[in-house]
C-alpha cells in the first residue's frame, strides 16, 4: 500500500476515536431542538405549514410528554408517602432530608453507571447550585403544605406550577405566553382561591379555614413558584449538562440545607 494511502487511513482513524462513539448519547441529546418551548405552544407559521412536523421532533415531544406524566404520577405517590409519614409524627424537614439523601445516592450511582461527571462543567456550577437551591426550597415548602392540610388540596395547588413555568419562561427566556395560557392562568389561580377559601374573601358564611391550613396553602403556592424557577433554570442550561447532573445537584443542596432548617425551624 502506498505511503500516502497509509497516512490517509491513519488520519481517518484518528478523527473517529472510540471515545467519540461512546459519547454518541450526549451528541444525540445536543442534536435535539433546543428552540422547542418549555411549555408547548402549538401554532402554525404564517404560510400555514407547521415548522415542527419532522418525525424526530414529534417523537421527542411525545417522549417528553410521557416522561412528564410519569413524573407527576411518581411525585403524587411520593406526596402520599409524605402524608403517611407526617401522620406518624415525622417532621417535614426530616422527610425532606431522607428524600434528598436517597436522591443524591441514586443520582451519583446513575452518574457512575453512565460515566457522567456528577457535578458537571465548572462554568455551570452557579446555575446548578441555583437549581438545587430553588428546588430544595420548593420541596420543603411542598412537604410542609402536605403535612398541615388536605393532601388533595395541597397537590392541587402545587400543580399550578406549569402556569408559573410558562410565565417565567416568557419573562426570562422569551418564549410565547399566548392568550390560552393567560386564560388557563386565571382559571388555575381561581381554583387555588376556591381550595384555600380565605376568610377575607368568603367571610363568615364559608366554612373557615384554620390558620395552619392557610399557611399550608401559601406554602403549596410558594412551592409551585419555586419549582417553576427551577424548571426554567434547567431549560436555561439546556444540554450543556447531562440531566443526571441536575438530579445530583438537587439532592446534594437539599441534603445539606434540610438538616440546618430542621434545627432552626
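One-based numbering along the chain as shown.
Cβ atoms are placed via backbone N, Cα and C, with glycine included.
Pulled from TrEMBL:
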type	residues	note
COMPBIAS	1-16	compositional bias 'Low complexity'
COMPBIAS	18-33	compositional bias 'Basic and acidic residues'
DOMAIN	63-196	domain 'EamA'
REGION	1-37	region 'Disordered'
TRANSMEM	63-81	transmembrane segment
TRANSMEM	93-113	transmembrane segment
TRANSMEM	125-144	transmembrane segment
TRANSMEM	156-173	transmembrane segment
TRANSMEM	180-200	transmembrane segment
TRANSMEM	212-234	transmembrane segment
TRANSMEM	241-264	transmembrane segment
Positions on the same chain near the transmembrane segment (212-234), where near means CB under 8 A and six or more residues out: 38, 127, 130-131, 134-135, 137-139, 141-142, 144-150, 153-154, 157-165, 167-169, 172-173, 192, 195-196, 198, 246, 250
Contact yes or no, the transmembrane segment (93-113) and the transmembrane segment (156-173), 3+ Cβ pairs under 8 Å, gap 6+: no
Average pLDDT across the domain 'EamA' (63-196), rounded to a whole number: 92
Contact yes or no, the transmembrane segment (125-144) and the transmembrane segment (241-264), 3+ Cβ pairs under 8 Å, gap 6+: yes
Counts of helix, strand and coil residues, the domain 'EamA' (63-196), according to DSSP: 114 helix, 0 strand, 20 coil
